[in-house]
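Student: Pulled these from TrEMBL:
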type	residues	note
DISULFID	31-41	disulfide bond
DISULFID	419-660	disulfide bond
DISULFID	470-479	disulfide bond
DISULFID	510-515	disulfide bond
DISULFID	555-560	disulfide bond
DISULFID	557-588	disulfide bond
DISULFID	562-571	disulfide bond
DISULFID	573-580	disulfide bond
DISULFID	596-641	disulfide bond
DISULFID	601-610	disulfide bond
DISULFID	613-616	disulfide bond
DISULFID	620-629	disulfide bond
DOMAIN	22-72	domain 'PSI'
DOMAIN	30-446	domain 'Integrin beta subunit VWA'
DOMAIN	620-694	domain 'Integrin beta subunit tail'
REGION	694-717	region 'Disordered'
SIGNAL	1-20	signal peptide
């Protein structure tokens, strides 16, 4: 049955393809700039294609648009991405993948497509390395494996004409808490003293890959069980060494199987910290005398590290584990593209059947993958399995249930997101030795034949892809300008607004040191200005029209120029000040301006008439000296009051304002009203309490030094404070006169009261004394 893409997905793909073939034409001046600006961009090399005032960027557009503008198909430059097979040997038993080498010419944004065919061969050579857990719980399994040598190799030879087997074993790191480090336990870790075990170890490479079944049995017969403390084992350490020590293991360039047999879980990166092993695993071979000598120096590998090394060395693991461990190892297998999990009997009696079934499953599943690529490259796969497309734009190609002699096809698409350096990468079916080398080259230049037209460039240059390439000493669109000793950069500098800007704002050509602005593709749009920095379209819109429409204003270099009777950033308002005039007839109280019949107040002042300023500082303390000089002709501004206080007025009539109460220069209190007038920093005032006496002469029947009521700060701590409104002696040694008969003339001050509060019936002599 034919597999069809859902209609919604097809629509999405068509839309994506259409968008991909648009031509943005950003900063285009040459054919090379054009084809690099977008995958849909083409260049017209036709002579005299552009009209007067049109930029060369007009030559850059989609092929359809250029043809509509009159460019012949033969004059359109549109480089495409190509795939060129370099080596394509026929598929046979020794060659399962075709082609073997291909060269891609990549234009930015356009994918190069090519097909890769895989044909599964019969009897392909196999290397199988048996890696066994020798912790104490596996003692019965070891006895079974000791007798498997001939049967295991026979099983391989029934599948392939060339099979090899090898053997290795593991336990765990030889530090606490992984093993018992008591000297006696390091010699014999068995739980029963009557049983002899070999000392614990991380990994031992026992037998390199060989075709000799007898040698396999002989070496395995020599092995004895060992032991450790914690349940997880150090199997990942062993797998890493088997993967990276290829020369010592004896791997051939054939199908590589790693059988991992255990009845327990595994330690991974970070667990080494339990034994004070902090150095991360380096992923290198450390076999010395066939043992992993640096196990106690490096942490366990991470799963990601192990997956990477297995893939790099084309090794397919088969996890032969007991039933209770299947779930754990299935999760590990899911992270390894070509791996399998099988249930191992408690005594490993079914290991041969397990390996045969796992191999058949692995070899019938074909996964086409590639090495690491830079971010500038994207690769996808379409898989055609058994004649049908099963996956589209996958991260890798994959087909299952591929039988002997079955042929499957993958379409590979490689896209460069930018112009790249020449490089190569490898595609291969995981678990097989066949590879495809892909060479990559950029196609970022235009291949234009030289065009002959001596007069086209004023005999001062030559035609390259339809435009002039000027000789030294000349420049300009048609090489019409002499540089007169100036460098091209100096000429271009006069066409820049500043050093950070682009030439002619990117909207014109620098011709003989002056900007010639382009003709816009947008109808009625004009580009102008010394540096082509202006246009008549980039302004605010009102009611869907630029600057409110022609009857209201016009757009000039990003700003609306309103006609008489209109105002606003988009000429959206009719001119009127009716809503901005306060009760005194002033527009915005002279503290703002009227725009769109609404006051735009200066900072701090509030609409509607800019009369109130809640956050402004109080004028009372600020202008007390001006009030003093205007009202009493005293104070610091006494001699220049009109000049120093020109913004302060004392009108004949006064209404409203805030009440102020401040001390003047003579330390007397003045109470007055103050009102802000229209405009900034303009005030008027009216005194509501005249400047009064603060001292008074009085008679007491006791001398001053016998009084108990004295004002601060001269009052001793033990004396009571004077009450507000009471008259008292101001200091300990104030002026007084002994009148005889226990009568004393003293100077009194009213404590805590203002000047205008002067009153009271106290014994007094004469009038009040003014200070």
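Glycine is treated like the rest: Cβ placed from N, Cα and C.
On this model, are these features tucked inside or out on the surface, and what's nearby?
Tutor: When Cβ atoms from all protein chains are considered, those within 10 Å of residue 41 (disulfide bond) total 28, not counting its own.
Under 8 Å, Cβ to Cβ, and six or more positions away along its own chain, residue 419 (disulfide bond) finds 36, 108, 442, 444. For the recorded site, residue 419 (disulfide bond), the DSSP three-state label reads coil.
Under DSSP, residue 470 (disulfide bond) is assigned to a strand (E or B) in the three-state scheme. With a 10 A radius on its CB, residue 470 (disulfide bond) counts 20 other CB atoms from all the protein chains.
Just so you know, the Cβ of residue 510 (disulfide bond) picks up 23 other Cβ atoms within 10 Å once every protein chain is counted.
Around the Cβ of residue 560 (disulfide bond), the number of neighbouring Cβ atoms within 10 Å comes to 23.
There are 25 other CB atoms within 10 A of the CB of residue 588 (disulfide bond), with all protein chains counted.
Around residue 562 (disulfide bond), the same-chain residues at least 6 positions away in sequence with a Cβ under 8 Å from its Cβ are 547, 552, 553, 568, 571.
When other Cβ atoms within 10 Å of the Cβ of residue 573 (disulfide bond) are tallied across all protein chains shown, the result is 19.
If you take the C-beta of residue 641 (disulfide bond) and look for same-chain residues 6 or more apart in sequence within under 8 angstroms, you find 626, 629, 630, 633. Under the three-state DSSP scheme, residue 641 (disulfide bond) falls in the helix class.
In three-state terms derived from DSSP, residue 601 (disulfide bond) belongs to an extended strand segment.
In sequence order, 604, 605, 606 are the residues of the chain that are 6 or more apart from residue 613 (disulfide bond) and have a CB within less than 8 Å of its CB. DSSP classifies residue 613 (disulfide bond) as coil under the three-state reduction.
Around residue 620 (disulfide bond), the same-chain residues at least 6 positions away in sequence with a Cβ under 8 Å from its Cβ are 658, 660, 661, 662, 674.
Confidence across the domain 'PSI' (22-72), taken as the mean pLDDT and rounded to a whole number, stands at 87.
According to DSSP, the domain 'Integrin beta subunit tail' (620-694) comprises 16 helix, 23 strand, 36 coil.
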Student: Using C-alpha atoms only, work out the spacing between residue 470 (disulfide bond) and residue 616 (disulfide bond) and round it to an integer in Å.
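Tutor: Between the alpha carbons of residue 470 (disulfide bond) and residue 616 (disulfide bond) there are 67 Å.
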Student: Of all the disulfide-bonded residues given, namely 31, 555, 573, 596, 610, which is spatially nearest to residue 479 (disulfide bond) at the Cα level?
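Tutor: That would be 31, the closest of 31, 555, 573, 596, 610 to residue 479 (disulfide bond).
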Student: Cα distance, residue 580 (disulfide bond) to residue 557 (disulfide bond), nearest Å?
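Tutor: Distance (Cα to Cα, whole Å): 30 Å.
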Student: How would DSSP class residue 562 (disulfide bond) in three states?
Tutor: strand
Student: When you rank 41, 510, 560, 580, 588 by Cα distance to residue 596 (disulfide bond), which of the disulfide-bonded residues ends up on top as the closest?
Tutor: 580
Student: Minimum Cβ neighbour count within 10 Å among the disulfide-bonded residues 515, 555, 557, 580, 629: which residue?
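Tutor: So among 515, 555, 557, 580, 629, the disulfide-bonded residues given, the one with the fewest Cβ atoms within 10 Å is 557.
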Student: Per DSSP, how many helix, strand and coil residues does the domain 'PSI' (22-72) have?
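Tutor: The domain 'PSI' (22-72) comes out at 17 helix, 5 strand, 29 coil.
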